Structures are given as structure tokens and as C-alpha cells.
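Only one structure is covered here, and it is reproduced in the block below.
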Amino acid sequence: MYVYKMGNRAPEIIICSFIVVSLLVIHFFTDLLHVLLSGSSAVDATLSQLIESQSSDYAWLLKLLVNCFGYSCVFLPGYLIYKYVQRTNYLERGNKTFLHTAINMCITGNSSYESVDVIHIASNSGNSSEATIERGRPSKRTSSQEAVQLLWCFGGLMVSYLTWGVLQEKIMTQHYRNFAGESTKFKDSQFLVFCNRMLAFIVAVTYLQWQPATTHHRAPLYKYSYASFSNIMSAWFQYEALKFVNFPTQVLAKSCKIIPVMVMGKIMSKAKYESYEYVTALLISLGMIFFMSGSADSSKASGVTTLTGIFLLSMYMIFDSFTANWQGSLFKSYGMTSIQMMCGVNLFSSIFTGASLSVQGGFMDSLAFATEHPKFVFDMVILSICAAVGQLFIYHTIDVFGPVVFTIIMTVRQAVAIMLSCFIYQHSISMLGIFGVLIVFAAIFLRVYCNQQLRAKRKRAEANKPKTAV
């Protein structure tokens, strides 16, 4: 009997051994990297501190490699378990233990429910700058109720994301004074991503508990990991870019993400685009070139930093575009709600960034900085709250008013964010830069107008189709 029970437990023992061995291997290479970087430095310095001691122009590249190394703490054992489960048919013959249930939810999900019809749209948000959401149901409201609801959505989006933008730039570019009066900058973008995603996950779970979703969740949890990885990468690149370019440049660069979104759509979904979409994408790129030519920041104007900033922004847009397209494919395949998506993506994002921070010792460094700089704690908490609440306003606005109204609100928000950043942080923009800004926003509004006209034309054509007799 004992041998029989041990035989039944063998798969669980093997799965746990995958996790333990993977973590030991990663720990060994982390120690090796620590030795290589330490040199003559203090041996008790964390890996995160050793990376910061490298050349400031290229430290971001080493951070990126170490971050990805930290993510392997999740990816490597997850991959091994996935292959083992597939090869041994563990889910079909395993005991219904907690581990079996968890692996089943991660790999197969719940396929007992039928799919529901959903659509997805790309939109500007604070974290991933892409939001994907199901179609809202029309409701009967009076004009005054519509106006109040619109003001509520407009005010919520403006307040949450304008505050988020100001604090984002402050945390990544400004100095904080400790109790001794010494001035220091906060440098760990990964910790900010972790805080934002953890709070967003808590908000999503709380919302689902308070208002349970009408759609049953069917998707395998591992499917969220792809969108989660691209989401945290885009957020990390976005924060790091602020060390090399100013915030107005970053805001306008987000408008150019239409181009990588279209490219990703072509590659992943074989999407087709109208001629006006190509024209507006070209105009946005042209406006961005004018803006960057006319808004050089003298404190960040070296060739290395400028190219680094452009590269980081480009990588942000590429990962952000993948996030939107992958989320869209998940909505189409599994029909989860937007809050379920928010919960799943932020769950894996918290796990990835938490594992990476643990490998680097970033938790201890960031918490030590927080205890010495109470103003940083306040800014970080408000930043995370604004990012999480902003996501809820995105979903609500699109659900009630649709994507066109939402896009207009967020475009206005971008324009106000640029003016606010220039006013607070004294960024200078030449006439050429202002002309570039005008071109970008004109192209965005032209895109919205053409999109609305095309939809109206298609609806009229559909209505005028002759009805065939059944």
C-alpha cells in the first residue's frame, strides 16, 4: 500500500523537483554574475547595486539582461512542467490534489463553457498603453444622465492619468531628499512596475469579488503570461526611457505606436488596413520627427543618450503592440471579460517582477530607499493607485460610450499632459516642435473622423441590402 501511494505521488515529486532544481541553477548563475560584477566592490552589495555602479549610459542594458534572467525563474520551471505534463498525460491520470488542480487551471483552463461574442479595440492607457475590451451594451439614459456620465468618465481619465504622468516623470527624473538632507534619485524601474501591477491585481480581484463576472472564465492561465511578459517589458522600457528623453517626447512617441500596432496586426492576424490609416500613421511619424528635432533637452542631448532614448521608446512600442494583439486574440478565443483579463495579466506581471527583484536584491534596495525617503513612498502609492483606477475608467468609458469618445478623451489628455509637463518641469519646445505636436494631434483626430465615417458608411450599406426571402 505504501509503495502504491508513493507511485501515485511520483508525478508531484518530479514536478516539485523541476522547480527546486531550476531555482538552484538560477541561484548558482546569479552568484556567478555577482562575483563577476563585484570585482573590487564590497562583497555585501546586492546585484542591483552592482548594476547601478556600472556606466550610466549602458547600465540599462545590463539591467535588462538581469531582469530577463530573473523572469527565467518562472519561465524555466513552467516550461519543464508543461512538457512533462504533455508527455506523461499527468492531468488525465493524476490524483485530484491541489497541485493537480493548479496545473490543470494553468495549462487547460475550464473548457466546459461556450464562447461569447466579443470585440477588441486598441486604446491609450497608462500601463501598457493598450486596452482590450468587450462590446458595451447600450442603455437607455436621458441627456442629462449621459452628460453626467460623460463628465464622470472624462474627469476620471484626466485626473488619474495626468496625475500618473506627472508622478512618473517626478519619480524617474527628480531627486528625493532623505532625513539627513542628502539628495538622491530612485533608479529601479522594475520595483515601480511591480508595485503598479500588484495594486492593479488587487483592484481587479476586489472588483470581481464585489461584482462577479457574468462570463465564466475558460482560458488556460498560462495564456496570460505572454501578454504579461510583453506588458511588463513595455512598462520597464517606458520608465527607463525617461532617464534619456523628456516626458513630452515620450507622450508623443506613444502616438506613433499606431505603426507597430499595424505591423503586429499584419504579422499576427493578417489584418487589412484602409488607406487613411497608412496616411495618418505617416503624418504622426512626421510630426514626431519635427517634435524631436525642435525639443532637444540640453541635459540629455548627447548622441548616446538620444539614440538610447529612441531605442527604448521603440522597444516600448513594439512590446506594447504585441500586448494589444495578443489580448485581442485571447478575447476572441475565450471571451473573458476585461476585468478578468486585467486580473490574469497583472497576476503574472506581479510574479515575474517579484521573481526578478528577488534575484537582484531589488526589494531590499527599494525598500531601504523608501524608508529613507517618505515622499517617495507617497508618490509611489499615488502613482500605483492612479494606474489601477485609470484602467477601470478605461473599461467603463469604452463600455458606456464606445472607442471613439474614449480615443478623443485620451488624445486631449495627451495634449494637456505635454503642457503640464512643460510647465512643471520647465521643458522647452521650439516652434518646429510645436508644429510637430499639432501635426500629431491633427492626424489622430483625422484618423478618428475617418474611422467613424467608414463605420457609418458600412452600416448604411448593411441597412440598404435587400432582404432575401427565407
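Cβ coordinates are placed from backbone N, Cα and C, and glycine is handled just like the others.
A Cβ distance under 8 Å defines the sequence-distant neighbours of the transmembrane segment (12-30), meaning residues of its chain 6+ beyond its ends; these are 47, 69, 72-73, 76-77, 80-81, 84, 90, 97, 99-100, 103, 359. According to TrEMBL, the transmembrane segment annotation covers 12-30 (among others).
Here TrEMBL flags 58-82 (among others) as transmembrane segment.
Annotated transmembrane segment per TrEMBL: 147-167 (among others), in sequence order. Below 8 angstroms of C-beta separation, residues 126, 141, 247, 251, 379, 382-383, 386-387, 389-390, 393-394, 396-397, 400-401, 405-406, 409-410, 412-413, 416-417, 420-421, 424 of the same chain, each at least six residues beyond the ends of the transmembrane segment (147-167), sit close to that stretch.
Feature annotation from TrEMBL assigns transmembrane segment to 191-210 (among others).
Sequence annotations record features per position, and here TrEMBL assigns transmembrane segment to 276-295 (among others).
The transmembrane segment annotation in TrEMBL covers 301-319 (among others).
What TrEMBL records for 339-364 (among others) is transmembrane segment.
Beyond its flanks by at least six residues, the transmembrane segment (376-395) meets 123, 125-127, 131, 133, 153, 156-157, 159-161, 163-164, 167-168, 170-171, 176, 186, 192, 195-196, 198-200, 202-203, 207, 338-339, 342, 369-370, 406 of its own chain at Cβ-Cβ distances under 8 Å. Under the heading transmembrane segment, TrEMBL lists 376-395 (among others).
Under the heading transmembrane segment, TrEMBL lists 404-426 (among others). Using a Cβ-Cβ cut-off under 8 Å and counting only residues 6 or more beyond its ends in the same chain, the transmembrane segment (404-426) has close neighbours at 123-124, 150, 153-154, 157-158, 161-162, 165-166, 169, 173, 246-248, 251-252, 254-255, 394, 397-398, 437, 441, 444-445, 448, 451-452.
If you look up TrEMBL, you'll see 432-450 (among others) marked as transmembrane segment.
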Chain residues outside the transmembrane segment (58-82) and at least six past its termini with a C-beta under 8 angstroms from it: 15, 18-19, 22-23, 25-26, 29-30, 33, 47, 51-52, 103, 107, 189-190, 222, 225, 229, 236, 240, 243, 308, 312, 348, 351-352, 355-360
Positions whose Cβ lies under 8 angstroms from the transmembrane segment (276-295), at least six residues beyond its ends: 246, 248-249, 252-253, 255-256, 258-259, 262, 310, 427-440, 442-444, 446-447, 450
